[in-house]
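A quick write-up on the structure given underneath.
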């Protein structure tokens, strides 16, 4: 037999043997795991026929557009957000002032003597300066002689320094607010301002305070 024919016959035998082995392996897997599909036995044609997955993500233009929109929205919302912060701060300062006034009235009733709240520059004495705002400092003291001045020997109950973090606090009643032993007061209105936002705390003659 010619040598070329022998070689062709050997290749044909090996191909037949490989096909038989592959068929046997498929049969074994189908018996062991009949409900699972294994892609290791897919032919080259089947693999090539599979559609390629499309790449997902953002292009540079899409990313820049998203950043631009975010920046515009931030600029639009920023003034409203700043106003909201100022308003919340004023509300907080108003509540703090209201608590201080309620404490002053409570101390006057408890001690059965006048208690005065005055503005101060140094936390040691009351100030009569019209240029000084209430937000700098305030002193609460037992005003035994009812002269609305912190005299030597009079009991200092509390010192608020700073009295408030607001820009300005003014009081229509002047430099002092006094509560009598029965809880009544000299009355007046505190105005708390921070730029374009303001709140008022109104003190009645009966001594009751409320936020307006």
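Glycine too: its Cβ is placed from the backbone N, Cα and C atoms.
Pulled from TrEMBL, these are the features on record:
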DOMAIN    94-207  domain 'General secretion pathway GspH'
TRANSMEM  60-82  transmembrane segment
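The average pLDDT for the domain 'General secretion pathway GspH' (94-207) in the predicted structure is 92.
Within the domain 'General secretion pathway GspH' (94-207), the DSSP-based counts of helix, strand and coil residues read 18 helix, 40 strand, 56 coil.
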